[in-house]
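The feature domain 'FAD-binding FR-type' is assigned by TrEMBL to 196-294. The feature transmembrane segment is assigned by TrEMBL to 24-44, 65-80, 117-135, 142-160, 166-189.
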């Protein structure tokens, strides 16, 4: 909108195809670089943005949406640029009058070429990111190319955007966005993203749990900042594999211990039972997330599905929630495969939390009407996306639904 206003004030309303094409190429380019700059900022994981956006998991979700939007805008930008061939073939516009050619500007030629190279690479990256079959290790390495490709886009924009546009409000905004994005890209290339929140530790205990789950206790250095129950961290067991997000399944402990419960869900996690060793050095980055149970003591419902029990284990270990009115719905295949069920039952009894164990093997299913959402202030959910979507859709039909809080299971 700002670009349209500035362009109209400078040039008036386009009257022919070539003028429209010129303006649409610039408009789509401005939109594209704005979206890519926002994605670059989120990739840098600035801590001041986490709370306003409700956690790093939501920031990653927004980053993914911006990436998809960038792909669509890039396709539009490119198609508009290539549109003369179709327009001329269909005789929808008169050919463009060519004026005498001056000396060829090598910078402009380079900027055009770099823009085209970057466009192909970015489109390929977005397609790879959306293909779930691509292994995380490969996706992680390819994803690092976004920073240099973004800088190529910045160079393309700086050289090819008309000088008159830089002296308008949209030019000032673009300068700010490109500057911030470039700083974030250089920061990413330096490998320092998240480095200030990384703390060393070592594995002190490993316990095999039912349903292909592994409980890992990590003894952290004293520099670990106290987390809030329900937050998560990025664990790096193997530098070659990189970090993966896991919920901290324990409240803050004086011993600086962190508990993680990891379920075998893919190629990498399925190897951890044989590769992790007591005494192994690790790096933990965090804490992150805003899934903290809120501050009010009004009536609420907790809903956990499968490995989604982990933040609730931390809450049950926390001294909070002793006087809250809570119904806790734990959805499992069967009681034998429930994670730390004895611990959960004892904690619920001590805190006067009403536990509902829902076993699918017995034909039991969570019915949204069963939790009486009209009587609740909040619903806290962590589990499979399909169940979370079903709950959210039901609540959307209510005139006064309770606040619905959920963890983003997938951060890719």
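Glycine is treated like the rest: Cβ placed from N, Cα and C.
Automatic prediction, not curation, is the source of TrEMBL annotations.
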Inset, instruction - Over the domain 'FAD-binding FR-type' (196-294), work out the mean pLDDT and round it to an integer. - result: 92
Inset, instruction - Look over the recorded stretches 65-80, 117-135, 142-160, 166-189 and say which has the most C-beta pairs under 8 A to the transmembrane segment (24-44). - result: 166-189
Inset, instruction - Could you pull out which residues elsewhere in the chain have a CB under 8 Å from any CB of the transmembrane segment (117-135), counting only those six or more residues past its ends? - result: 64, 67-68, 70-71, 74-75, 77-78, 142-143, 145-146, 149, 152-153, 156, 267, 412
